[in-house]
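> If you scroll down you'll find the structure; I have some questions about it.
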Amino acid sequence: MAPTTQEDVSGSSSRAGRRRRRRTPVSDRSAEAQPEAAPTSQRAAPTTQDEVSGSRSRAGHRRRIPVSDRSAEAQPEAAPSSQRGKRKASPERSSAASQRRRRKAPLEPSEDKRQKRTAKKRKRTDEKKAASSKGEEAAATTSASPGASHASSSEASSAASSPLRCPLPPAPAMGAGRNYDPAMEPAYEAYMDLSSKYHAKRKRQLQLVTLDRSKASSCMVNEKLQSVRESATKTVLQVAKVVLGFSSYVDGKLMARSSGFLIDWDERSKAGTVLTSARIICSKYSALSQWSGTDEYAPNAEIVAHLLDEDDATVPALLLHYDKHVNIALIKVEIELCAKIPSFSGDVIYGQEIFVLGRDEHQNLTIHHGRVQFMGPNKFQRHHYLFSGCVINQPSIGGPVIDLNGQVWGMANFPGTAFIPSSIILKCLDMWKKYQCIPRMHIGMKLSPIKFLDPIHVERIFRRCNVDSGLIVHEVSHGSVADELGVRPGDIIDSVNGEHIATTIELENLLMRICESHLDEGGVIGSCVDIPVGILHVRKGRKDPRHRSTLSLRLNVAEGVEAFTSGTLTVEV
């Protein structure tokens, strides 16, 4: 209730004036902004003259309260609803209180202080980003070091990486539309930083061996192999455990790459014998004809084998033997055997499905699918070749040719489709174990089987010559024994050493058996052997009984490569 006498009004005005003149600190003003709520028993308005004057004296002599106590008393206690609104201040008193509140309100910070605080925040953010990037670079350097990664492989395998989350761009403010909003600049910067980290981590994930699908697919995904894919995949993966990659170096420079496969392993010494192509040490070879004899080899080249462990380690390999004519090499490698060594198949069936395995330059498995072709070598190729029908690249040369059961049918040789059949390989291995070399006899002729000709052509030969099997002479080496005995292109050889010969593979096996028997009987390398050869001389496209003869060819037992010499004629003017 408001004072009702003149004295009350004047006393109230004087107290307000004294409060305005008193200078109170800012901290005290904030504490006194809200008066302390009086207890319920003391909130009734004074009704007598004595009560009014007592209130004035108490207000004029108010005690000073510490800052901590004032802050606790800043919010008055809510009065019961029965006593609210019973005490009303006069207009003058309300005006003075509002002026005090305006003076006691905290001042707004100046613009330069706000900018300083913003600059400090940005500086702290930049420092955190720099520290984070340095940590990532250090982690990347540690992971790039082979020794560090190998030393901490157990820790890295047990550590859990943070899940990958794709960041979303910040949404614009309400009503901003597509206009540029300066207030969103920090959010855009944070989004770009997170997006860059996301893509970098995703790229690293896609390089994992389980997620990397950048390698070219093999023939196993071909629809034609769907019926045998499951069984063929098991066979291929089993044999692949003994297929290795090799590299050769001369003066520190890479010379050649090839593949190879284990054919023997000693459990005591942990040493394995690997069969591969002699191309691994070939420094120069002829691109046109294999009969030229101009290939050059570097047997002292450094050879390394690429192991199939997690680190793709390499170990030195020792060259045991190589043969220039057959084009095979035997290499010794210290390796732990982790699979069964496949066995060789003695007989080759034409038209049989085969797989050619190898290793590329990154030691990834290469798989080629084909069939044993019903064809023989041309005049540029050696007699001991068969053909797979699938093109084999250089690093895969020397890999095994296997069937669906995992048996080895041969070894890939030279870029293209040629491979050496298992019958020739087995005979070469036997002779190397017995004599530490692979001798053979140089026959001095290029031959091709009648068997592989078109049936129409075979029928024509039979009508004219009464022969439907044998070897056709395509070319005779100048100065050879056959040349001196009158063997000419077009003649047919139907027997050697009393045995009928239908293919060049049969001829090569027979000549090596003759060499083996000659050496077992006391013969030596460089000696000669007389071999009877049945020949049908064909002149003008038809046979003549008088021209069927048996010639005795004195052939040299040699270890080196057989070179072919074409006859030349000098024209004199």
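The backbone N, Cα and C atoms fix where each Cβ goes, and this holds for glycine too.
Pasting the relevant annotations from TrEMBL:
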COMPBIAS  39-52  compositional bias 'Polar residues'
COMPBIAS  73-83  compositional bias 'Low complexity'
COMPBIAS  124-137  compositional bias 'Basic and acidic residues'
COMPBIAS  138-163  compositional bias 'Low complexity'
DOMAIN    473-511  domain 'PDZ'
REGION    1-165  region 'Disordered'
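Structural setting of the listed features?
Tertiary proximity for the domain 'PDZ' (473-511) is limited to same-chain residues at least six positions away from its ends with a CB under 8 Å from its CB atoms, namely 348, 376-377, 379, 383-384, 386, 421, 423-424, 427, 440-452, 465, 467, 531-538, 551, 553-555, 564-568.
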> Report the mean pLDDT of the predicted model across the domain 'PDZ' (473-511), rounded to a whole number.
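Reported value for the domain 'PDZ' (473-511) is a mean pLDDT of 93.
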> Using DSSP, what's the helix, strand and coil tally for the domain 'PDZ' (473-511)?
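Result for the domain 'PDZ' (473-511), in helix, strand, coil order: 12 helix, 11 strand, 16 coil.
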